[in-house]
Amino acid sequence: MPWDLVKLNDGHSMPTIAFGTWKLGNGQGPTDQVDQAISVGFSHVDTAQSYRNEAEAGLAIRESGLSRSEIFITTKYSGLDGLDIGTSIKNSLKNLGVSYVDLYLIHHPRLATPDIPTAWKEMESLKEKGLVKSIGVSNFNVGDLQTLLASAKVKPAANQILLHPYVYAQQAPILAYAAANGIVIEAYSALIPITSRPGGPLDVPLKSISERLSKTPDQVLLAWVKAKGAVVVTTSSKKERLQGYLDAGDLKLTLADIAALDAAGAVGAKQSTARTVIRRIAMLALAGAAGVRVAAWAGVL
């Protein structure tokens, strides 16, 4: 299972596959699922303020019996309850039951208030105080990263973004900019083409590659993310699926495989854009028709 460590630009290292707690809710469920993920071999747990299950994740981590240094913990500043970055990290540490987190991210650029440079200075302060080992961002585009780097003393170690073949062309400039500046890309929702958007152009190459390699489509998609140089953030409630995700670290795609997935993803992106345009035109037409009816009723026409 060669999901190796990746060296961050601040000297720390991060496991290249993470178990994410987004959408797990709270209560016993997420605790059990984090426990299960750790038991099958995940050593990186990704959570956030807004997921409202930091405490559950922390409980599972503590009950795993592993030392703190054996688990890499990522959480995010989500602006929960209108609290600032300094207060939020203290709450997150309390929830998680730890004295530091390995990676702390600004969850979205709109949360960087009053502006990105000011918010980033607060993040740098947390690193200086030892409350976090590494700092980064999430959902930042190239312009956001340029604004941050213009005044930063510490570069973001990572940028966690949506990444799968259907959005690859759109996200490619972010990957290129990050690579040029030593910022690791983390990919969330990589399995959307099979979990939320089945029946699209990717189905054919995924099926072909999966059958040739005797692997599952989800393993092929994770291998595609790895081939793009990104860290995987994924989740599942099923133990066998989690084991499959870890096994996908051994999977080597050919350049032809990657090109086929890229091409199918680009077709799917165009189809999605076309559907969006058609929906907007339809909505405008409906709105226009409604306006005509109202005007006629009011005696304007």
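Cβ atoms here come from the backbone N, Cα and C positions, even for glycine.
Neighbour density for TYR51 (active site, proton donor): within 10 A of its CB lie 23 other CB atoms from the protein chains shown. Look at TrEMBL and you will find TYR51 tagged as active site, proton donor.
Here TrEMBL flags HIS107 as substrate binding site. Cβ-based neighbour count (10 Å, all protein chains) for HIS107 (substrate binding site) stands at 21.
Residues or ranges marked as domain 'NADP-dependent oxidoreductase' by TrEMBL: 17-191.
The site 'Lowers pKa of active site Tyr' feature in TrEMBL is assigned to LYS76.
When pLDDT values are averaged over the domain 'NADP-dependent oxidoreductase' (17-191), the model yields 96. Taking the C-alpha positions, the distance from HIS107 (substrate binding site) to LYS76 (site 'Lowers pKa of active site Tyr') comes to 6 Å. If you draw a 10 Å sphere around the CB of LYS76 (site 'Lowers pKa of active site Tyr'), it holds 29 other CB atoms from the protein chains shown.
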